[in-house]
Each structure stands twice: as C-alpha cells, then as structure tokens.
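Pulled from TrEMBL:
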DOMAIN    4-35  domain '4Fe-4S ferredoxin-type'
DOMAIN    37-66  domain '4Fe-4S ferredoxin-type'
Amino acid sequence: FENTFMMYLPRLCEHCLNPACVATCPSGAIYKREEDGIVLIDQDKCRGWRMCITGCPYKKIYFNWKSGKSEKCIFCYPRIEAGQPTVCSETCVGRIRYLGVLLYDADAIESAASTENEKDLYQRQLDVFLDPNDPAVIEQALKDGVPQSVIDAAQQSPVYKMAMDWKLA
C-alpha cells in the first residue's frame, strides 16, 4: 500500500433547474445563482454533513476529507465571467465537451422524458431542441422574453449543429 495515493475526481455538475442538492443541504450552503443558473457550494457555510451527496440524483457532489467540506463542479464560473470556456470543454482530448447555448421547447421535455420505448428516447430528446436560425423560433423566443443576445449566442454555438446535423450528442 505504500504506492497508493488519493485524488478527487471532479464530476461535472448538471446545474439542475430545480437542484435537489439545494433542498437537502440543512446549512443552506448550496445555492443556485439567479443570473446564470450555476449551482455553487458556499464553503464558509458548508458544515460537512454530506446530505447533499445523497440528495444529488446524479452523484456529482463529493466530500473532501481534508477540508471536511462538500465540493462539486463550479462550472468554472470565474472563467465564464471572464469570457473564457470551462476547463473541461477547453482541454477535452476527445473534443466531446462543448459549451454553448441551445434553445429548447420546455413544454416538450416531460413528453420526451416519458417516452416508453427507450430506443425512441434519443430522437425524442433531439426533438426538444429548437433551430436557432428558424424565423418562427426566433419570433416566438423574442415574444417569450428571450434576449436577442441569447438568440445570437445560440446561432453562433456549435452545439445545435453537433446534436442535430452531426448526431454527436
């Protein structure tokens, strides 16, 4: 055992719309930023009770035994705020992690997730995505209060093309 070592494997957080980890944290250390939806753990408030670890359905939170605190992916928010991509998307040797904006039909998510035949699930998930260059989609998005800057970002993002045209997602 003299050659063993310990490391923390970061797990990419889903930054859920309604994060269960926030609800399960009794100290209120986990919060979702209103401006961008990034879910963070306030290390000063974390008491290390680890209820968030069991509360996360994706098992993305881990416990740092050295600090006695829970930790998770922070979506590289300091880099995002500086206009840089996340480290995982920038350094992925397989070039499979991309960061971008996708427009989607929120009303179609439940139906897609309820697909009975799992062989149809992939296509049903793709059907939720909206073409950011479709004039009808743009018109509806603006009507729904989506800022023009978000629509512009979706049009410039490679993510839609990767999922829909190249079927890489």
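A Cβ is built for glycine as well, from the same backbone N, Cα and C atoms used for every other residue.
Here the domain '4Fe-4S ferredoxin-type' (37-66) has Cβ contacts under 8 Å with residues 8-9, 11-17, 19-31, 72-75, 77, 80 of the same chain, all six or more residues outside its ends.
Taking H, G and I as helix, E and B as strand and the rest as coil, DSSP gives the domain '4Fe-4S ferredoxin-type' (37-66) the counts 5 helix, 6 strand, 19 coil.
With DSSP classes pooled into helix, strand and coil, the tally for the domain '4Fe-4S ferredoxin-type' (4-35) is 5 helix, 3 strand, 24 coil.
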